[in-house]
C-alpha cells in the first residue's frame with residue numbers, strides 16, 4: 001500500500017499535452033516516460049517517436065524492441081503513471097502472441113538466410129563481372145544486366161533484414177552487412193532507408209506522415225493529395241500544381257515505366273540526405289559506402305564496348321529492379337489510407353488496414369524476400385523472414401477473431417487493385433472543377449477528352 005501512495009498519476013488527456021518537440025512524453029504499459037531530450041539519440045530515428053508523442057506506445061515498443069530494451073526505460077521514467085490506462089482486447093491478443101513468439105525463440109532463430117543470400121549475391125556479382133569483362137557477346141552483356149538487377153534486389157532484402165534486427169552475431173558485424181548490402185552494393189544508403197522506413201512502419205499509410213505514400217507530383221493514391229497537404233515527415237508542402245495534375249492524370253499508364261527508372265530517385269534521395277544538415281548516424285561510413293558503389297559500378301559499365309550497350313545495360317539492370325519497386329507499392333497503394341498522426345492505441349488495426357499480402361508458393365519466398373507477408377512483417381518487424389510464413393495462419397485467426405481485414409492477393413490481383421487505385425485518383429485529378437490554375441499543355445491534351 002505504501003508503494004501505491006508514492007505513485008503520481010496523470011490522465012490520457014494530460015499525456016496528450018506533451019506532444020511537441022522539446023516536450024515529449026510517452027507511456028508504455030501505463031508508465032510515463034519523458035523522452036524530450038533523449039529522442040535525438042533514438043536508434044530508430046526521432047520521427048518514429050515524434051509521430052506517437054503524447055500517446056501510449058506499448059504495442060509499437062513491443063514490435064520494434066527486444067526484451068533487453070526494457071532495461072533502458074527506467075532512467076527515462078518521470079514518476080508518473082496513466083490513471084485511465086486501458087488496453088483493448090486486440091492489443092491484449094497481440095501482446096500475447098508477441099510474447100509467445102519470443103518464448104519460442106523465433107526472434108532469435110534466423111537460420112542461415114543471410115548467409116545463403118549473400119553467397120547468391122556474390123556468385124551473381126562474379127557472373128556479372130565475367131559477363132561484362134570477359135565476354136564480347138551482346139547477349140552475354142544483357143544477361144549480365146539482368147543478373148545485376150537481381151543481385152540488387154536480393155542485396156536490398158539483406159539490407160532490409162539487417163536494418164530491422166541483427167542478422168549477424170553482433171552489432172558491429174550487423175553494421176558491416178548493412179553497409180555492404182546497402183551502400184556498397186546497391187548505392188542506396190542504409191541511413192536513408194532507416195530514416196524513411198521506420199517512419200513508414202509507425203505511420204503506415206498515413207497520407208501526411210508516411211513518406212512511402214508521398215510521391216507528388218508523379219503519383220497520388222488519394223484525392224486528398226489534391227488539396228496540397230503538408231508532409232509532416234519532410235516538413236514541406238506537397239503542392240498539387242498543374243504539373244502534378246497532368247502527371248497524376250495519367251499515373252495508371254505511367255506507373256510501370258516510372259518504376260523502371262525508379263532507382264534513380266533512390267540515388268537522389270540518398271545524396272540529398274547524406275549531404276543535408278540533418279543528423280545522420282554514421283554519415284562518414286555511409287558516404288564511404290556510397291563512394292564504393294560509384295567506383296565499381298561506373299567502372300563495370302566502362303568495360304562495355306560502346307555507349308549504346310552501356311545505356312542498354314544500365315536501363316535493363318534498373319528495369320529488373322522495378323519488380324521490387326512494384327512489389328513495395330502493391331503492399332500498400334491499394335490498402336486503406338488516412339490522414340493525421342498514427343494512434344498508439346490501435347496499432348494492430350492500423351497495420352491490418354494499411355497492408356496487403358501477396359500469396360505465392362513457398363519456393364518463391366526467396367524472390368519476394370519474405371515481404372509478401374507484409375502484414376506479418378509490419379506486426380513483427382524483428383521477426384526473421386524465415387518465420388513469416390509460419391506465423392501467417394495465427395495472424396489470420398487473430399484478424400478473423402476481431403473482424404479485421406486480412407487481404408492476401410495473387411501477384412496479378414494485387415497489380416489490378418493497385419492500377420485501379422491509381423486510375424480512380426487519376427480520373428478525379430482530371431476533374432477541371434478542382435481549383436488548380438490551368439495551363440496550355442493541360443488544355444491541349446484534354447481538348448478531346
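Residue positions begin at 1 at the first shown residue.
Note that Cβ sites are derived from N, Cα and C of the backbone, with glycine treated the same way.
Automatic prediction, not curation, is the source of TrEMBL annotations.
A quick note: this is a predicted structure, and the numbers were derived from the prediction, not measured.
TrEMBL lists 7-91 with the feature domain 'Cytochrome b5 heme-binding'.
Only residues 6 or more beyond the boundaries of the transmembrane segment (113-132), in the same chain, are considered here, and those with a CB under 8 A from a CB of the stretch are 140-141, 143-144, 147-148, 150-151, 154-155, 157-158, 161-162, 167-168, 177, 181, 185, 300, 303-304, 313, 366, 384-386. Per TrEMBL, transmembrane segment is recorded for 113-132 (among others).
Long-range contacts of the transmembrane segment (138-155) within the same chain, counting only residues at least 6 positions beyond its ends with a Cβ under 8 Å from a Cβ of the stretch, are 117-118, 120-121, 124-125, 127-128, 130-132, 181-182, 185-186, 263, 304, 309, 312-314, 316-321, 323-324, 366, 369. According to TrEMBL, the feature transmembrane segment maps to 138-155 (among others).
Look at TrEMBL and you will find 255-275 (among others) tagged as transmembrane segment. Counting residues 6+ beyond its ends, the transmembrane segment (255-275) has Cβ neighbours under 8 Å at 152, 187-189, 191-192, 195-196, 218-219, 283, 286-287, 290, 315, 318-319, 321-322, 325-326, 329, 418-419, 422 in the same chain.
Annotation source TrEMBL lists transmembrane segment at 287-305 (among others).
The transmembrane segment feature in TrEMBL is assigned to 311-330 (among others).
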Tertiary contacts of the transmembrane segment (311-330) (same chain, 6+ residues out, Cβ under 8 Å): 132, 141-142, 144-146, 148-150, 152-153, 156, 212, 255-256, 259-264, 301, 304, 356, 358, 368, 371-372, 411, 414-415, 417-418
Distant-in-sequence neighbours of the transmembrane segment (287-305), which means Cβ under 8 A and at least six residues beyond its ends: 128-129, 132-133, 136, 141, 179-180, 182-187, 189-190, 270-271, 274, 313-314
Helix, strand and coil residues within the domain 'Cytochrome b5 heme-binding' (7-91) as assigned by DSSP: 33 helix, 22 strand, 30 coil
